[in-house]
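Let me begin by presenting the structure, written as structure tokens, before commenting on it.
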Amino acid sequence: MKQHDKPLEDDPRYRVANREALLGVGLVIINFILWYGFAYGIGSKPVGEYSYIWGLPAWFFYSCILGTVIVISLVILAVVFLFKEVPFDEEGDK
Amino acid sequence: MNWEVVIPLILFLISIFVIGFYASTHLKSTSNFLQEYFLGSRQLGGFILAMTMISTYGSASSFIGGPGVAYTMGLGWVLLSMTQLATGYFVLSVLGKKFAIMARKIRAVTLIDFLKARYESKGVVILSALSIIIFLFSAMAAQWIGGARLIEALTGLSYIGALFIFAVSVLVYVIIGGFRAVAITDTVQGVVMLVGTLVILIGTVMAGGGMGNIVSTLAAENPGLISPFGADQSLTPLYVSSFWILVGVGVVGLPQVAVRAMSYKSSKGMHRALIIGTVVVGVIMLGMHLTGVFGRAVLPGIEVGDKVMPKLAMEVLPAWLAGIVLAAPMAAIMSTVDSLLLLVSSAVVKDVYLNYVKPEASDQTIKRFSIGVTTVLGVLVFAMAVNPPELLIWLNLFSFGGLEAAFIWPVVMGLYWKKGNASGAMASILVGVGSYIAFNTFMPNAFGMHTVVLPVVLSLVSYVSVSLMTGRKHAVVQEAVLLRLWKV
């Protein structure tokens, strides 16, 4: 599209929105790596050689329990420190 | 009839009705019936937003079907179900603010309102309305069947009687209260789901003599049960990972979830919902599926997967507590069904009737028509559910994947890629749905991945390539769309 001769700027709130969408994608990638790495990294050996944490196989503990806790913490950190509040009202009362 | 189990269920139904009546007061006093009935006037706060998203998403398969499969497959299925953790934060951060801002710019009430403004194309609107009506209707039927079977199993009523109770309960509060009733009841239902999950998990661990004990019982029966590969070694890493598309990131394309991303009040609410949603979905998915696996050590030899949860609850908990726990799948089913019912109604009323049949309808007519459509749809689903097809979980997943393949790119690329246009969106919907049905029929789980993966890839390819090829044809319309949706 020909945008170069347009005087109008994009809505500045979109810059925040785009950044946060990328943060969401980043979180999913981290989530996937933790989940996959722990599960198949530790869990691929024969069941007889498993070690156990809290009675659960170590792969499961790290991937599904610790991994979940880490991801939840990252979500909280991202929301608190990286997400920005923007006004939504169109009617101009803000 | 087992009254100790039934009484908590009745109390649960009564509180849902009370909420419906409360919400109906908003619906009576509103100045904009459409916005209130289908979107709750965009007033959702963080907690309600998180709960309505999770409980709309979490359905019969999270509480009945999924744990049933986990019972058979072991911890590998819990691993697979944890791909759903992403739904807690991904949908809101990706659609998030952009969708909320754009929806307000164009006063969109439905997902299709957004697509209509973004693509300015009758073809896109009709294709998407059709996909929503067809796929969500079948998803709804599957959920109703699940709800009725559950009531049947718990109370000993006949299937038809149970279906009737279920249908009437849902229809009443959706019709009188609209989206607000749906969202608030979803919140109560979400809390019931969360509490029920924790209670049954703890009860099962205690009945099994602790986690260590349970795990060694399972390992003794079949070591596969505690490996990530499943009891029969059929869960390959590729197959399990492909569920990240189906139940993780692909959920962005589900209209019933996406529409919630434009219903919230402020960015503060959205931030809170991101955190609450991730925690709640993590606890529910981990807890329910883990319970299913542990249940095998406590109560071995159950043949039908769908019966695992009800039997387990009755076995490991006192009757009254089992009643509360079994209200959880009930809540999960109702909270999915109510949203689907409202969404299919909105597709008929707002996207078809008001767009193309009678755009000048008065508020009074719209009101009568909306309520009429919701009622007729309810009766139709009831009729379909009377003679139900088997295999609840797969029927449900079919509509799930079909909708994701249809909508994920028109929505996501529509928000973030300015060059996406109507031809691209139409190609994407047609290729997505078409190839999903084709793969499902002729080549299920192609190349060892879940069937949804290839259609999602193909629909992305068609979206991008067709948009690029037809860029010139749409230049004028695109200019206007950009001006309306992007510029200050």
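Glycine residues also receive a Cβ, built from the backbone N, Cα and C atoms like all the rest.
As recorded in TrEMBL, the features of this protein are as follows:
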- B:6-23: transmembrane segment (TRANSMEM)
- B:44-64: transmembrane segment (TRANSMEM)
- B:70-95: transmembrane segment (TRANSMEM)
- B:124-145: transmembrane segment (TRANSMEM)
- B:157-179: transmembrane segment (TRANSMEM)
- B:191-218: transmembrane segment (TRANSMEM)
- B:238-261: transmembrane segment (TRANSMEM)
- B:319-349: transmembrane segment (TRANSMEM)
- B:369-386: transmembrane segment (TRANSMEM)
- B:392-417: transmembrane segment (TRANSMEM)
- B:424-443: transmembrane segment (TRANSMEM)
- B:449-469: transmembrane segment (TRANSMEM)
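Within the chain carrying the transmembrane segment (B:424-443), a Cβ under 8 angstroms from the stretch's Cβ atoms is held by residues 115, 118-119, 121, 123-124, 127-128, 131, 398, 401-402, 404-410, 413-414, 451-452, 454-456, 458-468, 470, all 6 or more beyond its ends.
With a cut-off of 8 Å between Cβ atoms, the residues of this chain six or more beyond the transmembrane segment (B:238-261) that come close are 39, 44, 49, 52-53, 56-57, 76, 79-81, 83-87, 90-92, 94-96, 99-100, 110-111, 132, 136, 228, 336, 339-340, 343, 397, 400-401, 403-409, 411-412, 445, 447-450, 452-453, 456.
Only residues 6 or more beyond the boundaries of the transmembrane segment (B:44-64), in the same chain, are considered here, and those with a CB under 8 A from a CB of the stretch are 84, 87-88, 91-92, 142-143, 146-147, 150, 182-184, 186-187, 189-191, 193, 196, 251, 254, 256-257, 260, 263-265, 268-277, 280-281, 284-285, 288, 306, 309-310, 328-329, 331-333, 335-336, 339, 392-393, 396-397.
Panel annotation: around the transmembrane segment (B:124-145), residues 59-60, 111-112, 115-116, 163, 166-167, 255-256, 333, 336-337, 340-341, 343-344, 347-348, 351-352, 355, 377, 380-382, 384-385, 388, 392, 395-396, 398-400, 402-403, 406-407, 410, 422, 425-426, 429-430, 433 of the same chain, lying at least six beyond its termini, place a Cβ under 8 Å from a Cβ of the stretch. No contact links the transmembrane segment (B:319-349) to the transmembrane segment (B:449-469), because fewer than 3 Cβ pairs that are 6 or more residues apart lie under 8 A. With respect to Cβ pairs under 8 Å, the transmembrane segment (B:6-23) is most closely packed against B:157-179, considering the stretches B:70-95, B:157-179, B:191-218, B:449-469.
Listed by sequence, the residues of this chain that lie at least six past the ends of the transmembrane segment (B:191-218) yet keep a Cβ under 8 A from its Cβ atoms are 12, 51, 54-55, 58, 63, 74, 225-226, 280, 283-284, 287-288, 290-291, 293-298, 309, 312-313, 315-317, 321, 324-329, 331-332.
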